[in-house]
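Everything on this sheet refers to the single structure shown next.
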Amino acid sequence: MEHYISLFVKAVFVENMALAFFLGMCTFIAISKKVETAIGLGIAVIVVQTITVPANNLIYTYLLKDGALAWAGLPEVDLSFLGLLSYIGVIAAIVQILEMLLDKYVPSLYNALGVFLPLITVNCAIMAGSLFMVERDYNLAESTVYGVGSGFSWALAIAALAGIREKLKYSDVPEGLQGLGITFITIGLMSLGFMSFSGVQL
């Protein structure tokens, strides 16, 4: 259990998708203007990561990696070159299902997220979760914990940035830095804060 807690904490703070690896910056900046919308997208990312990382782990373990098809009598077959296509397919399917559910049950959030909800499919933070899982050779349980942690890390970062940006609306920001200028500086300062976790050994 301690191993899984360490993996979760490491995924959230030490290896934060947005503030340590700078992944998913497009949606991270565009949707972080309001806290409610940012939290909604953050929850969507958590759900997608929690499902896709372990699902892609199963696909890689039992279908794609070298020797994975031994159960089917094909021990020499290596389909790992199909990894990227498979992961994108799984992510696209999960995002499509999530999009339909939000449209039906939470239309206000669906409309607020707009084009950025289907763009989760090509959000590099989502793909990175599956690629890191393969690179680090996680098992199914580790993949599930890592999926939750990596999704939560991105959600935490976007919610924090949205809160800061809402406060900045009422701040006296120099004219040349208003808008994206102060946002980039804020992200950099947040990233410096998260860098303090980089020396933590878990």
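Cβ atoms here come from the backbone N, Cα and C positions, even for glycine.
Noted in Swiss-Prot for the protein shown:
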- 11-31: transmembrane segment (TRANSMEM)
- 35-55: transmembrane segment (TRANSMEM)
- 81-101: transmembrane segment (TRANSMEM)
- 114-134: transmembrane segment (TRANSMEM)
- 144-164: transmembrane segment (TRANSMEM)
- 180-200: transmembrane segment (TRANSMEM)
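Ranked by the number of CB pairs under 8 Å to the transmembrane segment (81-101), the listed stretches 11-31, 35-55, 114-134, 144-164, 180-200 are led by 114-134.
If one looks beyond the transmembrane segment (35-55) by at least 6 residues along the same chain, the residues whose Cβ comes under 8 Å of a Cβ in the stretch are 24, 27, 87, 90-91, 94-95, 98, 102, 106, 109, 112-113, 116-117, 120, 123, 125-126, 129-130, 133, 140, 143-144, 146-148, 150-152, 154-156, 158-159, 161-163, 166. The stretch with the most CB contacts under 8 Å to the transmembrane segment (144-164), chosen from 11-31, 114-134, 180-200, is 11-31. Sequence-distant contacts of the transmembrane segment (11-31), counting only residues of its own chain at least 6 positions beyond either end whose CB sits under 8 Å from a CB of the stretch, comprise 37-38, 41, 45, 113, 116, 119-120, 123-126, 128-129, 145-146, 149-150, 152-154, 156-158, 161-162, 180, 183, 187, 190-191, 193-195, 197-198, 200, 202.
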